[in-house]
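The structure under discussion appears below in the form of structure tokens.
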């Protein structure tokens, strides 16, 4: 069953209510979100191209997956659920950071989210859900950086915003994993 409600939060991530997902994006209400970055053993990031039929940002490239936890669902649980539903992958996920952003999308919707960002590593082959994802590819952080500078219009607004933090967090994640 598709998620229809999001958890509204304050700037400290304390729940303040529940709202229908589309309404929250129309009104620009701050709500909880999850963002997942999956890397392979070659240190390449798994990118997804959003399905054209998505209600916003269809056809654009983005991080491995992102979504919203359901009311009462923990963010880690939501991250695992959406990683499997969108990409057919299961792997350990590590919480890395949170960030709050407000982005006006081209179609008039507003992404006002407090996002919980997770990293994971797997060499499993994605089994994409065509309702969510039209394609995928692995690229190094340097390749993505170059591509984003050349053709930013090919990427989702939130990916462009969060990606700026990824190189430093990836280095910290790798250091922690090698201990």
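A Cβ is built for glycine as well, from the same backbone N, Cα and C atoms used for every other residue.
According to Swiss-Prot, the protein has these features:
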- 25, 31, 68, 111, 113: Mn(2+) binding site (BINDING)
- 29-161: domain 'Nudix hydrolase' (DOMAIN)
- 66: active site (ACT_SITE)
- 66, 86: Mg(2+) binding site (BINDING)
- 113: active site (ACT_SITE)
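All features noted in Swiss-Prot, drawn onto the structure.
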residue	record	Cβ within 10 Å
25	Mn(2+) binding site	22
31	Mn(2+) binding site	25
66	active site	25
68	Mn(2+) binding site	21
86	Mg(2+) binding site	24
111	Mn(2+) binding site	22
113	Mn(2+) binding site	26
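For the domain 'Nudix hydrolase' (29-161), the number of residues in each DSSP class (helix H, G, I; strand E, B; coil) is 31 helix, 51 strand, 51 coil. Put simply, residue 86 (Mg(2+) binding site) is 13 Å from residue 68 (Mn(2+) binding site) when counted between their Cα atoms. In this model, the domain 'Nudix hydrolase' (29-161) carries an average pLDDT of 95. Taking the mean position of the Cβ atoms of 25, 31, 68, 111, 113 as the Mn(2+) site, the remaining same-chain residues with a Cβ inside 8 Å of that point are 6, 21, 24, 29, 32, 33, 112.
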